[in-house]
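Trainee: Got a structure for you, written out below as structure tokens; questions coming shortly.
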Amino acid sequence: MQLNSTEISDLIKQRIEKFNVASEARNEGTIVSVSDGIIRIHGLADVMQGEMIELPGGHYALALNLERDSVGAVVMGPYADLQEGMKVTGTGRILEVPVGPEMLGRVVNTLGEPIDGKGPIDAKLTSPVEVIAPGVIDRKSVDQPLQTGYKSVDSMIPIGRGQRELIIGDRQTGKTAMAIDAIINQKNSGIFAIYVAIGQKASTIANVVRKLEEHGALANTIVVVASASESAALQYLAPYAGCAMGEYFRDRGEDALIVYDDLSKQAVAYRQISLLLKRPPGREAFPGDVFYLHSRLLERAARVSVAYVEKFTNGEVKGKTGSLTALPIIETQAGDVSAFVPTNVISITDGQIFLQTELFTAGVRPAVDPGISVSRVGGAAQTKIIKKLSGGIRTALAQYRELAAFAQFSSDLDEATKKQLDHGEKVTELMKQKQYAPMSVFDQALVIFTAEKGYLNDVELKKLADFEEALLSYARGQFADLAKEIDSSGAWNKEIEDQFVKLVEDFKATQTW
């Protein structure tokens, strides 16, 4: 048989052309140990800090420890089925969560997946959970108020848009209640809200969601949940995920409010992860970077400039500043604010609202201690009318506390002292407020006006609550235009003062309570 070399070469060429090898470059490693949600991986040479690692079964782990011959990663999900020898793959991606207006009104987990049974979320965009905070040049000073609806807070410890105001106190002092009321008060203000629940019971979170829905505030709120039954990794990441969702609004010239409830539990989750990763422990067994854990989170709350918003949106949004206001919550043990995490967060934030157990049990709710509560930047943002009227409130309360302690030892007090005690007692009573009943600017201004101008001198202490309720009802009915004007402008002048005088005097002359 004669072999034709040309035919053979053509045949070989055809075979080579048809031969197809599908190949993909993958960064693959092997699990060498699994314990308590922490896996050690050998062979992932090019992995990044914070990279998502794909595990068998569709779950992911987060690379946190990059060591010479292995990678320590924390599993974001169930880890019972993971075994030594299993293959894992580096994704080359940092953890991202869905963001955008589609998230509003929904309850999601740390990864942005819906857990409220209302179907999938069609979010168009995602954002990394870890983002560098805006620089000094990109920021604008805080000068717009964020009304919490609490008389005691808005008058003595005002909060501005873009501020970080810590709510601190022992367990069962009304910290969550204050934050939820602040969210409810934003329902008609155009401010979006994000509530991040960290390490709480699922029943407690369900109750919060129900209350937000009842008061019409859930529609402009995103609830991010990492409950007590979730892994430490998800509890540690939840605040960053919520912050990324809030930054979407900030960077597009909108205003947003984020509540972290609470950062003590996040610090404990991070301590657990760090100890399991064998990082050296420091004070109270926390790792050395626990300050950075909170500072990099809270620095992302800011008021950003017009130029920043224009640059971020490529000129689509013009002439608007955006803001993200943070209300972190810290739980203290027996009132000890000098513990490690509380002192860290106090030094990072722009002020703190201190809630006292003694005041709470005495029926003063919200249990705000005006002596050690402070707002370092909110004064510039306070509504003009509240600023003008509330100057004497803090002084009256401070003098009352001082005199009340002195009066316990002395029976014969002069008239001036008795007057001061009576006034302080009434101001304390006036600062009390029911839960889920945030007050408008007009309502707050009117109540403070009656105290400051001496209209309460002839009102009995036990009838003060009835007096306040009747006065506000009368004012909303008879002076509706004035109420509307003050709620929208917050202005204060001689004309408004005269109308306030007329309102209160007419009420006292014609009404009963």
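FYI, residue positions are counted from 1 along the chain as it appears here.
Here the Cβ of each residue, glycine as well, is placed from N, Cα and C on the backbone.
Pulled from Swiss-Prot, these are the listed features:
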- Gly169, Asp170, Arg171, Gln172, Thr173, Gly174, Lys175, Thr176: ATP binding site (BINDING)
- Ser373: site 'Required for activity' (SITE)
Trainee: Other than Gly169, Asp170, Arg171, Gln172, Thr173, Gly174, Lys175, Thr176, which residues of the chain come within 8 Å of the ATP site, judged by Cβ distance to the Cβ centroid of those residues?
Mentor: Glu331, Leu355, Thr357, Phe360, Ala367
Trainee: Taking only the Cα atoms, work out how far Asp170 (ATP binding site) lies from Ser373 (site 'Required for activity'), in Å, as a whole number.
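Mentor: So the alpha carbons of Asp170 (ATP binding site) and Ser373 (site 'Required for activity') sit roughly 15 Å from each other.
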Trainee: Quick one: Cα separation, Gly169 (ATP binding site) versus Ser373 (site 'Required for activity'), in Å?
Mentor: 11
Trainee: Which one is it: of the binding-site residues Arg171, Lys175, which Cβ has the fewest other Cβ atoms within 10 Å in this structure?
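Mentor: It is Arg171 that, of the binding-site residues Arg171, Lys175, has the fewest other Cβ atoms within 10 Å.
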Trainee: Taking each of the recorded positions Gln172, Thr173, Thr176, Ser373 in turn and counting other Cβ atoms within 10 Å of its Cβ, which one has the fewest?
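Mentor: Checked Gln172, Thr173, Thr176, Ser373; of these recorded positions, fewest Cβ neighbours within 10 Å: Gln172.
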Trainee: Residues with Cβ closer than 8 Å to the Cβ of Gly174 (ATP binding site), same chain and 6+ apart in sequence?
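Mentor: Expected: Leu355, Phe360, Arg365, Pro366, Ala367, Gln435.
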Trainee: Given Lys175 (ATP binding site) and Ser373 (site 'Required for activity'), what distance in Å do their CA atoms have, once rounded to a whole number?
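Mentor: That comes out at 14 Å between the alpha carbons.
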Trainee: Using C-alpha atoms, which one of the binding-site residues Arg171, Gln172, Thr173, Thr176 comes nearest to Ser373 (site 'Required for activity')?
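Mentor: Among Arg171, Gln172, Thr173, Thr176, Thr173.
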